[in-house]
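Quick look at what Swiss-Prot annotates:
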type	residues	note
BINDING	153, 156, 206, 209	Zn(2+) 1 binding site
BINDING	170, 173, 192, 195	Zn(2+) 2 binding site
DOMAIN	5-70	domain 'J'
REPEAT	153-160	repeat 'CXXCXGXG motif'
REPEAT	170-177	repeat 'CXXCXGXG motif'
REPEAT	192-199	repeat 'CXXCXGXG motif'
REPEAT	206-213	repeat 'CXXCXGXG motif'
ZN_FING	140-218	zinc finger
């Protein structure tokens, strides 16, 4: 029986890239996996066929040979045969993780670096919460922070072993850091119980770090907070996290910003909002009010006569700067008419006199319109009752 074309087996074009090959293989491998098709010989044959096709096309050298000579390029036994080689075992472990959860206790992390858990290991990322004022968010600032961090032990240079000694390869996992157990068609990897995933054994640990290869130190860092930052913004400082293990790269430090509530301004993006009280006289006759600005200055706003509560005034360019831009938001001032309290006898007399003078409809257009609509409503009810 002649072999099918590998591209046809996976259902991809000859120009398919690595991602497309991997996606097609995952789909077919899961569809024909013997655990999903118990006793189905045809599914088992197709499963092996899919594996063989992927083993060839996912390898650049094998793919080049196949594209040139076809199946004849592997007449001496084929690309790894129909069984499960080491690479396929790794890939099936990846599929198992994707569909059924992580079967590797402790999490082996991303593959690479020769596949040895005892090799270089990246340090953990750190988080620091920084609260600043709205004024500081307006101007930007440089903040000095202190944080405890795991850094490489200077005594053992991160090896974890006492000076004059060095770690030895773990005999249980051979330095791999994981042990593999075959279960049916799956090769499940677990953290090595002997070395706890390090891939090495330290017989004589460093006294300074206790064999960890790292010690905790308090570091001082300067954080540049740019103007225009908003609540919830995250600043990443690459390489300022915890030191890596066994020469691995350091993690990153993430600064999470929060803005303190302001007693006068509310913020919406780059725009600022505030509410300012005005007197009845200013609202009726006009006047000027002085309003603070976020930059620390003050500005004067002209209030025209007849201004009503919730009237809004816009001051262009008096808001917050837009992050990493030359644009600036606006300041919106909303006024509300404050009713006087604790009046003197004379003040009461003047207000009563003002009320007794009578009011024309155009003096209170909103009130006149409101009461006119109320009268029409009740007149309509009376008319319908008589009918």
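Quick reminder: no glycine exception, Cβ is built from N, Cα and C everywhere.
When Cβ atoms from all protein chains are considered, those within 10 Å of residue 170 (Zn(2+) 2 binding site) total 22, not counting its own.
Per DSSP, the secondary structure of the domain 'J' (5-70) breaks down as 48 helix, 0 strand, 18 coil. Using CA atoms as reference points, the binding-site residues 173, 192, 195 were checked against residue 156 (Zn(2+) 1 binding site), and the closest is 195.
Around residue 153 (Zn(2+) 1 binding site), taking its Cβ as the centre, 20 other Cβ atoms fall within 10 Å, counting all chains. Residue 173 (Zn(2+) 2 binding site) sits 23 Å from residue 206 (Zn(2+) 1 binding site), taking the Cα positions as reference. For the binding-site residues 156, 192, 209, the ranking by surrounding Cβ atoms (within 10 Å, all protein chains) places 156 first. Within 8 Å of the Cβ centroid of the Zn(2+) 1 site, not counting the listed residues 153, 156, 206, 209, the chain contributes 154, 155, 157, 158, 159, 160, 161, 205, 207, 208, 210, 211, 212, 213, 214, 215.
The binding-site residues shown are 170, 192, 195; of these, the one with its CA atom nearest the CA of residue 153 (Zn(2+) 1 binding site) is 195. Across the structure, residue 195 (Zn(2+) 2 binding site) and residue 206 (Zn(2+) 1 binding site) place their CA atoms 17 angstrom apart.
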